[in-house]
Amino acid sequence: LPGARGSVPGAMTLDKLTSYQDASTYNNFYEFGTDKADPARTAGSLRPRPWTVTVEGEVGKPGVFDLDSLLKLSPMEERIYRLRCVEGWSMVIPWVGYSLAELIKRVEPTSKAKFVEFTSLADKAQMPGLRSGVLDWPYVEGLRIDEAMHPLTLLSFGMYGEVLPNQNGAPLRLVLPWKYGFKSAKSIVKIRFVEKQPVSSWTRAAAQEYGFYSNVNPQVDHPRWSQASERRIGEGGLFAKKRPTLMFNGYEAQVGQLYAGMDLKKNF
Amino acid sequence: MQKNRSPWLHPAAKPLLFALCALPLAWLVWAAATDRLGANPAEALIRSLGDWSLRALCLTLAITPLRTLANLPALARFRRMLGLFAFFYVSLHLLAYGWLDMGLDLGDIAHDIAKRPFILMGFTAWVLLLPLAATSFNRAIKALGARRWQWLHKLVYPISLLGLAHFIWMRAGKNNFAEPAIYGAVLAVLLGWRLLRRYSSRGAARLA
């Protein structure tokens, strides 16, 4: 899946890329099991084609998009983003896709569309992890509309120049580089525009640990571990020093104004 | 005598058990040296050492029920070694966390232990293991007297519960309780058997 060099500010980090091997075998995708090696092992049962995405709610042009029409909707770009997991590790991944804003503009949100809710596939036949009660399925995530419209918010179809491997959220997923990884919903089947703030799956599971915003923030610790530093996967082996975590994962210049005046300790 | 024929009394039994108990560590060292611990080797190492700590604790606690139920008095001679291996793996688990996760910064470690209840629990379990490991040799048993020594070593019960709670809490935020449930069930059986025996023997004593 080829893509032109990303032109949006912040789209091309100069950090060294994580190896494709690490990025495709160390995954949190609980629909395929809770161990990080599980998705690579079990996601072969996911059928990324045919695939449709339902767009509904507060929009002028709701509809059902099939994958081919989404692939053609806007030119593909390559964007190299840092990915920071809430668990304290990070990667650098070249994604392929286009700004989610391209899709949003075409469906014409109404003035009532204050938030966007994303729903992932939940099919027991394809996803063995659904048998466990770790989360309430389906996986649901949400963004404020201005976050969803931000040019860095990527609707991704590929990585490392190829279509997404199943375990990384095929056939399409979000990538929000300034938020903890779990905000970037995988294998999306529904996008709903709503007036009220959606409740995401992780907030429902543990509200005191996973807030709605979940912006990367080294000053706000997770209740069970510090978020001040992170381990860059594949960097320097066992005894490598952790690196300091950056505010908004280093994308403060691009996204800081979205949260101007907000108490980020309260809105974690 | 039948006792003498028990394979548990064979002179090779103890060295064999020692080698078995050292296997997980040998495997981890080999896997770390040959880059077989996956994308996040530090995390894999810390977690695996934690797993083996709990397993060694469970094995140690299984000796007495097994010995009694299966009528294998010879098993008692393995209990100390298993207990010391439990202490050894807990210590390595703590060392791996302090080194690989915290960069051996004692200030950071102290802060982390004080701030996070689940780490405090695990750390407390290790601290409570110290007097047990320190009094594990024969002279200490003699010096303390068997009764006091036995009383002290009952600490292993709260220690195992602290270890279990540490594991449950670590998984709590991700609602992922499948593995802690297994250890919980094993410990419930091992400790429950002791409670049951205690109360039934009391009952028996009263009847007599």
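Note that Cβ sites are derived from N, Cα and C of the backbone, with glycine treated the same way.
Over in TrEMBL, the protein carries these features:
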TRANSMEM  B:12-32  transmembrane segment
DOMAIN    B:51-163  domain 'Ferric oxidoreductase'
TRANSMEM  B:52-70  transmembrane segment
TRANSMEM  B:82-100  transmembrane segment
TRANSMEM  B:120-139  transmembrane segment
TRANSMEM  B:151-169  transmembrane segment
TRANSMEM  B:181-196  transmembrane segment
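Using a Cβ-Cβ cut-off under 8 Å and counting only residues 6 or more beyond its ends in the same chain, the transmembrane segment (B:151-169) has close neighbours at 50, 53-54, 57-58, 60-61, 83, 90, 117-119, 121-122, 124-125, 128-129, 131-132, 135, 144, 177, 179-180, 183-184, 187, 191, 194. The stretch in closest packing with the transmembrane segment (B:12-32), judged by the count of Cβ pairs under 8 Å and taken from B:52-70, B:82-100, B:181-196, is B:82-100.
Taken together, the residues in the domain 'Ferric oxidoreductase' (B:51-163) have a mean pLDDT of 95 on the 0 to 100 scale. When the domain 'Ferric oxidoreductase' (B:51-163) is classified with DSSP, helix, strand and coil residues number 99 helix, 0 strand, 14 coil.
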